[in-house]
Amino acid sequence: MHTRRPYHVEDAEKYCLEDDLVNLEVLDEDTIIHQLQKRYVDLLIYTYVGDILIALNPFQNLSIYSPQFSRLYHGVKRASNPPHIFASADAAYQCMVTFSKDQCIVISGESGSGKTESAHLIVQHLTFLGKANNQTLREKILQVNSLVEAFGNACTAINDNSSRFGKYLEMMFTPTGAVMGARISEYLLEKSRVIKQAV
């Protein structure tokens, strides 16, 4: 049972921003919301909660996805850098290579939360980590999402590029971690969206 005094926003200045919310002394709804709001205002859109990465859609382009950032998040301890989606992709990749075990990254959220973009960024970083030196293979893997989205995405009141179906992307690697290819499967795709435009 939690016996500590509840956290209130007026106490906010007593609590510094944390990269991992698990480290907070008080962990309740008000604390979490306050931390995420403060981080979001500072464009710190990624926050850990233990092994989970929370990503808040900034609704703008940020310059934190360049090859320099990919190198920054390659093979280092998670605490070495601020929370980032590349860190989650790197952790899965390193576990796959080190333990020869399949890994899975689940992306979930409400419409407009940035799931499609997050998936693209994970694939971008995994192709970097998997040394997809074959530019043609790298481009094919990165562009397959755009091709599938052309058949199943739509403009909604909330999101200009709303996925109207689910995707399962499987990437294949050699035992040494070199990317060999990818396979994408769709589910809940309404075939009527492919053959005619909604009115």
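Keep in mind that glycine also has a Cβ here, set from the backbone N, Cα and C atoms.
All TrEMBL annotations are machine predictions without curation.
Copied from TrEMBL, the annotated features are:
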BINDING   GLY109, GLU110, SER111, GLY112, SER113, GLY114, LYS115, THR116  ATP binding site
DOMAIN    16-199  domain 'Myosin motor'
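Cβ neighbour counts within 10 Å, taken over all protein chains shown, single out GLY114 as the most crowded of the binding-site residues GLY109, GLY112, GLY114. The C-beta environment of GLU110 (ATP binding site), restricted to residues of the same chain at least 6 apart in sequence and closer than 8 Å, is empty.
Listed in chain order, the residues near the ATP site other than GLY109, GLU110, SER111, GLY112, SER113, GLY114, LYS115, THR116 are ASN57, ASN159, each with its Cβ within 8 Å of the site Cβ centroid.
Listed in sequence order, ALA55, LEU56, ASN57 are the same-chain residues at least 6 apart in sequence whose CB falls under 8 Å from the CB of SER113 (ATP binding site). Sequence-distant neighbours of THR116 (ATP binding site) (same chain, six or more apart, CB under 8 Å from its CB) are ASN145, GLU149, ASN153, ASN161, SER163, listed in sequence order. The Cβ of LYS115 (ATP binding site) lies under 8 Å from the Cβ of ILE107, SER108, GLY109, SER163, each of these being in the same chain and 6 or more residues away along the sequence. Taking a C-beta cut-off of under 8 angstroms and a sequence separation of 6 or more, SER111 (ATP binding site) has the following same-chain neighbours: THR156, ILE158, ASN159, SER162.
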